[in-house]
């Protein structure tokens with residue numbers, strides 16, 4: 001099914017320029033949205049809790065900062081870019097009491113709306129503007145006069161202005177320069193979660209760890225295993241990112257290409273596909289989100305346990321040591337080895 005695309009000529013920037021926008025959060029996406037909207041002539045305020053470490057950064061950038069409640073009361077368009085697990089409480093405590101007839105509440109991801117964790121009043125426009133790239137790229141492309149493709153969706157539209165407003169907002173952060181795709185909260189949420197769990201985060205992580213274990217258990221040095229299954233992964237992903245799977249296969253050796261064709265289906269087989277379908281079903285029917293909410297309500301104990309277990313895997317010890325030899329790699333603050 002063909003998607004509906006929009007570009008600069010399809011969006012009226014004056015719509016968002018005539019509104020007052022509150023951006024809740026100043027992380028990766030929050031800083032890109034706030035600064036780019038401001039540079040597009042939009043009146044913007046940033047909502048951050050008292051004592052937030054991001055407050056000085058936003059203020060140094062010349063942005064007006066208030067608490068989430070303060071900026072929500074001031075604004076008529078609110079973009080909620082706090083972490084998924086914090087959004088429901090921010091909505092209940094800070095946003096909902098300050099919503100007025102005709103306001104718009106936008107999101108960068110649809111989870112809380114799609115799964116009913118946030119239930120907004122009927123007189124508020126509910127929409128999504130979601131750039132398909134990290135915030136630093138969104139901002140850099142905007143400054144360079146370009147843009148990152150974005151998604152828009154409208155879930156609730158009491159005044160019939162939602163799509164025009166979302167397109168205007170997307171233009172304000174550079175999205176329509178590249179192209180904006182119209183989707184739904186359901187489609188964006190379920191595809192995003194599936195991609196993260198089955199392929200990008202969960203699937204890739206387990207593939208790498210298992211490959212490392214197989215090599216080390218067969219007697220190969222952990223350092224050699226690390227280079228082959230993790231370090232070189234970036235080279236392959238970069239090729240796929242730039243030109244698809246065909247570009248990757250064109251760029252690697254014939255030996256690597258031929259071996260990949262033969263062995264790839266032995267690793268990812270019909271059974272894997274069936275299990276991926278089960279993961280998708282758990283996402284669609286809300287099983288995953290129920291567990292996510294239970295984890296948060298339980299003080300993140302399950303998540304912390306999984307993090308600890310993951311951090312203790314031998315590949316992490318080996319990787320920390322080897323990355324210390326790589327002057328071109330920015331080592332994260334979690335590594336002290």
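Even glycines carry a Cβ here, placed using N, Cα and C.
Given the structure is predicted, the values throughout are model-derived calculations rather than measurements.
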Listed alongside 26, 27, 28, 29, 52, 54, 84, 85, 86, 87 for NADP(+) in Swiss-Prot, from 133, 135, 145, is 135
Helix, strand and coil residues within the domain 'KARI C-terminal knotted' (184-329) as assigned by DSSP
122 helix, 0 strand, 24 coil
Whole-number answer please: how many Å between the C-alpha atoms of residue 26 (NADP(+) binding site) and residue 228 (Mg(2+) 2 binding site)?
37
Residue 253 (substrate binding site) and residue 135 (NADP(+) binding site), compared by Cα position, are separated in whole Å by 35
For residue 84 (NADP(+) binding site), the spatially nearest of the recorded positions 109, 192, 196, 228, 232, using Cα atoms, is 109
I'd like the Cβ neighbour count for residue 192 (Mg(2+) 1 binding site), meaning other Cβ atoms within 10 Å of its Cβ, all protein chains included.
18
Whole-Å Cα distance, residue 109 (active site) to residue 192 (Mg(2+) 1 binding site), is 9
